[in-house]
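Down below is the structure, laid out as structure tokens.
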């Protein structure tokens, strides 16, 4: 079968080694004669899977001991509600940074539970979209927490700064599309959450990292399935968890460790992004509308100078084994999502195709 590279923004490409191992183990996991999908989440066999996955995740991010790791349902949108329901306490407002589509979605959900103070961080630099530096974010005095999205998958915008607002500010962040792609100082955050379907594993699992002093503050109306304290007290098994997604994510964590960990992946991700942006920037045929300082290394949107060629580009790229390059309906054009599992060979195949397509159609 011809090589296919999947540039989907999520569910996204998984490492080939992980898929092959899962295939080998699918019907007879560890000699039990059953699939890991079939065994009880409370049995000792799956408990070992769960514990190893958490420890490997902790190792990869150097998560401090005073942080809890929760394996949850609900995706990022579930946490749009989970964050205010767990962290507001007796306060009625929180600071929300708006820098793109997903940040705005979090704000919309938060309005059901509080009166968010919106920090509009969107700016234009030399005609390109950018984000205000953190030093220009005007935080309010009475906010229960600060929320932002470090990587906007649709807009292709990244906020790479590490927050440093002092110990009194509880920083929360949606790391769904950038978790494990670069070193992360977990100690600068109160809550980090990430849907698994981009850089961790298959859809259906959500990871939450929460500082333990923030537990026990959930609103009385918070659904139990979103209550961090309930989930922590039940080892993320308050109800039946998405066991197969948990298992596969654990395999991805082991794969990441074998690649050299997050620091090694960060270098590879930089190389992939530089290769793709280099082709875009050295061409009048392709265009990216994000300022260099805020360009995402995970999601690279680009436009063709002649958008009547979009359909042809997508058809020919798909035939060449380069799948899921259509941009989000909000922005159009193309988008290449190049998460950890995308090898540099995949990006090279894309850039070679782009150069050839320009030669033939430019």
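Residue 1 is the first one shown; counting continues down the chain.
Glycine residues also receive a Cβ, built from the backbone N, Cα and C atoms like all the rest.
The following features are taken from Swiss-Prot:
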- 9, 42: L-glutamate binding site (BINDING)
- 76, 77, 102, 153, 174, 197, 239, 240: pyridoxal 5'-phosphate binding site (BINDING)
- 198: N6-(pyridoxal phosphate)lysine (MOD_RES)
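Our reading of the pyridoxal 5'-phosphate binding annotation (76, 77, 102, 153, 174, 197, 239, 240) yields a largest Cα to Cα distance of 30 angstrom.
Taking the C-alpha positions, the distance from residue 239 (pyridoxal 5'-phosphate binding site) to residue 198 (N6-(pyridoxal phosphate)lysine) comes to 24 Å. Counting only same-chain residues six or more apart in sequence, the Cβ atoms lying under 8 angstroms from the Cβ of residue 9 (L-glutamate binding site) belong to 153, 154, 177, 198, 299, 324, 328, 335, 337. Neighbour counts were taken as the number of other C-beta atoms within 10 angstroms of each residue's C-beta; across the recorded positions 42, 77, 198, the minimum falls on 42. Residue 197 (pyridoxal 5'-phosphate binding site) sits 24 Å from residue 42 (L-glutamate binding site), taking the CA atoms of both as reference points. Residue 76 (pyridoxal 5'-phosphate binding site) falls within a helix when secondary structure is assigned with DSSP. Listed in sequence order, the residues of the same chain lying 6 or more apart from residue 174 (pyridoxal 5'-phosphate binding site) and placing their CB within less than 8 Å of its CB are 76, 79, 102, 103, 106, 147, 148, 149, 150, 193, 194. Counting in whole angstrom, residue 240 (pyridoxal 5'-phosphate binding site) lies 9 from residue 42 (L-glutamate binding site) by their C-alpha atoms.
Between the C-alpha atoms of residue 77 (pyridoxal 5'-phosphate binding site) and residue 42 (L-glutamate binding site), the distance comes to 27 Å.
Packing around residue 76 (pyridoxal 5'-phosphate binding site) is summarised by its Cβ count: 22 other Cβ atoms lie within 10 angstroms of its Cβ, all protein chains included.
The DSSP secondary structure for residue 102 (pyridoxal 5'-phosphate binding site) is helix. The Cβ of residue 153 (pyridoxal 5'-phosphate binding site) has 25 other Cβ atoms within 10 Å, all protein chains considered.
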